[in-house]
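Q: Got a structure for you, written out below as structure tokens; questions coming shortly.
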Ligand SMILES: Nc1ncnc2c1ncn2[C@@H]1O[C@H](COP(=O)(O)O)[C@@H](O)[C@H]1OP(=O)(O)O
Ligand SMILES: [Mg+2]
Ligand SMILES: [Mg+2]
Ligand SMILES: [Mg+2]
């Protein structure tokens, strides 16, 4: 199965959502709303989820969607201002809709896992988005636990990482068995991408989160050194890190459990799209014990701890360094 229709719907939805996010970011200093788990959310996160759930509902009315956000808080009378803002941003990309439509689309993203489901992070890296840094709109289709399609829109990512002041905005797309591509968000031809070659010394660097609470920077540094990476890490928010590995700009992405939250379990929407983009570019993704990420259980990757993403060639060496206590 080629997933042609799914791919077109996912790309168009992600592009519209990315446009909404950039509009929010250029028009205002986005207000950070605190969720019950103390993590931030903004009107752009809600707007992005509404736009993407709307598109999936229109094309695949029976499909399940598991998105990060829900509209419970936005339905509170105290949130009327924010709801009006979300509605107006959604209108700016999809035309005339009501606040009720918006709330219902957001809540379409609260399904349970089934045999076939979409998983959506409307803004992955909200902290990066708030800092005017990296973030991604991440959407993936999973069937029987296998990611079949992934789309990552990274509006703030330089098209050429060596020219950070050059054009920004990259779209990564992967379909199982068909490879991975990237193209500028502004349009143009989709170019096939490939992970870095084993002898590519210039790109022998690793990526990790900006947030110290989302990983273990000290141990990540030590592991990178143990496998021969001498360059210091490139710190980047969001699944843009998967894009960096998939496009050969880094050989490794390390995400080891933070000592502050050792029991944290990663969420499916934080990894599904990135995983297929890297795998289809020739790389490998496992947890820190070498187990594949199990997307068939729940919104949390309950059977996995830590995430290791690599160009493939160095993957076993990284796992060995981890198991020997590095
Ligand atoms: N303790 C944690 N360990 C790993 N990831 C976390 C932790 N807490 C939150 N996250 C998630 O990390 C993602 C961002 O990763 P990065 O720092 O690499 O950009 C967010 O989706 C965030 O979830 P949430 O969306 O709930 O804030
Ligand atoms: Mg996320
Ligand atoms: Mg998010
Ligand atoms: Mg979040």
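The backbone N, Cα and C atoms fix where each Cβ goes, glycine too.
Because the structure is a prediction, the values reported are computed rather than measured.
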Q: Need a hand: TrEMBL gives 121, 123, 124, 270 for Mg(2+), which of 68, 69, 178 is also on that list?
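A: The one candidate that TrEMBL places in that Mg(2+) site: 68.
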Q: Does anything in the same chain, at least 6 positions from residue 270 (Mg(2+) binding site), have a Cβ under 8 Å from its Cβ, and if so what?
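A: Sequence-distant Cβ neighbours: 121, 124, 138, 239.
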Q: Long-range same-chain neighbours of residue 123 (Mg(2+) binding site), Cβ under 8 Å, sequence gap at least 6?
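A: Long-range Cβ contacts: 21, 42, 44, 45, 48, 129, 135, 136, 137.
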Q: Would you count the other C-beta atoms found within 10 angstroms of the C-beta of residue 68 (Mg(2+) binding site) for me?
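A: Excluding its own Cβ, the number within 10 Å is 25.
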Q: What are the other residues, in sequence order, whose C-beta lies within 8 angstroms of the center of the C-beta atoms of 68, 121, 123, 124, 270 at the Mg(2+) site?
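A: Apart from 68, 121, 123, 124, 270, the close residues are 120, 122, 125, 126, 136, 138, 238, 239, 267, 269.
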